[in-house]
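> The feature substrate binding site is assigned by Swiss-Prot to SER10, LYS42, THR79, ARG93. Marked as ATP binding site by Swiss-Prot: SER10, PHE11, HIS18, GLY94, LEU95, ARG96, GLU104, VAL129, ARG130, PRO131, ILE132, THR133, ALA134, THR135. Under the heading site 'Transition state stabilizer', Swiss-Prot lists HIS18, citing sequence analysis as support.
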Amino acid sequence: MPRVALYPGSFDPVTNGHLDVVRHAVALCDRLIVAVGVHPGKTPVFSADDRLAMARSVFEPVAVEAGCAFDCVTYDDLTVAAAHKVGATILVRGLRDGTDLDYEMQIAGMNETMAPDVHTVFVPASPGVRPITATLVRQIATMGGDVSPFVPQLVASRLRTKFAG
């Protein structure tokens with residue numbers, strides 16, 4: 001039975017931290033599905049279609065190189081429901097620090113109660129990407145700062161275009 005993993009997130013924007021998680025995740029599964037969340041009430045910088053396209057462009061080559069099947073989808077329901085829809089039994093979550101661990105453990109516990117067949121796997125961030133958050137990247141970009149150390153080149157270019165003033 002193939003190991004199918006779901007890596008959910010808003011990916012607004014895709015960061016080098018997300019890319020780090022994908023590099024680890026493709027070694028843990030036979031098929032990785034990146035799920036771009038669409039949440040009512042949130043106003044993302046990039047549309048769901050843009051985030052999906054950027055995620056696919058950045059992550060798919062990593063999966064292909066690792067010999068891992070890959071797909072990218074959007075979802076607007078519970079993460080465990082999205083996992084069930086695509087046949088995933090593994091949820092991949094990145095951890096930067098203890099604060100992330102505390103938060104993610106709560107979510108993992110709730111998810112396991114709702115879907116005992118779906119297991120959360122935590123991937124610790126590599127040291128070079130631990131300080132990166134999409135929120136900080138957005139703040140830097142909106143103020144005209146250079147985000148290229150924190151995001152893939154494609155994303156840096158899209159952010160420059162988005163916030164060119």
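Glycine is treated like the rest: Cβ placed from N, Cα and C.
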> Name the residues of the same chain, 6+ apart in sequence, whose Cβ is under 8 Å from the Cβ of THR79 (substrate binding site)?
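Looking at Cβ-Cβ distances below 8 Å from THR79 (substrate binding site), excluding near sequence neighbours, one finds LEU6, PRO8, ALA35, GLY37, LEU91, ASN111.
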> List, in sequence order, the same-chain residues at least six positions removed whose CB sits under 8 Å from that of LEU95 (ATP binding site)?
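LEU101, GLU104, PHE122, VAL123, PRO124, ALA125 - these are the non-local Cβ neighbours of LEU95 (ATP binding site), listed in sequence order.
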> Largest pairwise Cα distance, Å, within the listed substrate binders SER10, LYS42, THR79, ARG93?
21
> Nearest of the binding-site residues to ARG93 (substrate binding site) by CA-CA distance, picking from HIS18, ARG130, ILE132, ALA134?
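Of all the candidates listed, HIS18 is nearest in space.
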> Just counting, how many other CB atoms are there within 10 A of the CB of HIS18 (ATP binding site)?
25
> Given LYS42 (substrate binding site) and ARG130 (ATP binding site), what distance in Å do their CA atoms have, once rounded to a whole number?
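Their Cα atoms are separated by 25 Å.
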> Are there any residues in the same chain, six or more apart in sequence, whose C-beta is under 8 angstroms from the C-beta of ARG130 (ATP binding site), and if so which?
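For ARG130 (ATP binding site), the qualifying residues are GLY17, ARG96, ASP97.
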> Which number gives the other C-beta atoms within 10 angstroms of the C-beta of SER10 (substrate binding site), all protein chains shown included?
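Result for SER10 (substrate binding site): 18 other Cβ atoms within 10 Å.
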> For ALA134 (ATP binding site), which residues of its chain lie six or more apart in sequence with Cβ-Cβ distance below 8 Å?
SER10, PHE11, ASP12, PRO13, THR15, HIS18
